[in-house]
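Visitor: Mind looking over this structure? Questions follow.
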């Protein structure tokens with residue numbers, strides 16, 4: 001019976017996954033050597049799991065070579081397998097899918113990898129270790145500096161402040177994990193439900209003003225006012241009380257319609273001082289044909305004065 005131990009996935013031609021996929025295929029076939037007992041069966045098994053991406057195009061070309069070899073064998077009367085040996089298949093595979101400059105790519109990954117880009121601290125450690133193994137660099141200060149650069153600053157400083165920091169990655173990882181777990185236990189003991197990214201910080205974030213994060217120091221002895229207000233508001237909702245006037249039978253939003261869109265004064269808060277009324281309110285001059293009554297009076301008086309002056313001038317001229 002076939003043993004389904006580490007059943008290989010389908011290879012899509014990604015060079016980064018070539019080594020892992022090829023080794024997984026070989027291990028699976030070795031575990032089931034009683035079923036796959038010939039090189040031809042090994043090659044067929046591998047090609048059946050190369051059905052995606054550029055790997056599929058490579059297999060199509062490989063099948064054409066197999067068909068041409070079979071036709072040639074029939075013409076020559078040869079019984080040689082057209083599929084070739086497993087070693088020959090491996091040589092052709094690595095010629096096409098061998099990772100390009102694997103060591104430099106691994107070094108670049110270690111230099112750019114950060115804890116913030118990963119989901120958790122464990123995820124960061126695993127990715128860094130994987131890149132370190134592919135880089136073929138010795139474990140030492142260079143690797144440690146890359147590892148510290150990617151860590152959160154507070155977490156890295158907590159290790160450095162303990163005294164002489166470790167000089168190898170193998171010794172750094174246990175120290176970082178221990179410091180991280182201590183901070184987690186400390187936050188749980190204080191009753192803080194902090195997110196994964198904040199477990200190694202002495203800060204908690206609250207979202208204000210359209211999602212902007214503002215950080216402040218958390219006092220473990222301070223009273224949680226937000227939690228009290230929330231519990232009180234929850235009880236008021238169950239009892240049907242208004243959170244403003246503390247009376248049953250109506251809710252807070254009903255005050256708006258009763259008071260013309262205005263809220264009643266909250267107990268304990270000073271009342272708003274009355275607004276000053278405009279002295280000129282209601283005493284506006286009425287305009288008629290673009291002029292007020294006062295202006296019309298002035299115009300009439302001026303016209304009367306002009307008539308009197310004209311009459312006096314006529315009298316004087318007659319006397320003369």
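Cβ atoms here come from the backbone N, Cα and C positions, even for glycine.
The model shown is predicted, which means the values in this text are computed figures rather than measured ones.
Not my notes, these are from TrEMBL:
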type     : residues : note
DOMAIN   : 52-152   : domain 'Retrotransposon gag'
REGION   : 255-320  : region 'Disordered'
COMPBIAS : 280-306  : compositional bias 'Polar residues'
COMPBIAS : 310-320  : compositional bias 'Acidic residues'
Visitor: Find the average pLDDT over the domain 'Retrotransposon gag' (52-152) in the predicted model and report it.
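Guide: 91, rounded to a whole number.
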Visitor: Going by DSSP, how much of the domain 'Retrotransposon gag' (52-152) is helix, how much is strand and how much is coil, in residues?
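Guide: Final tally across the stretch: 72 helix, 0 strand, 29 coil.
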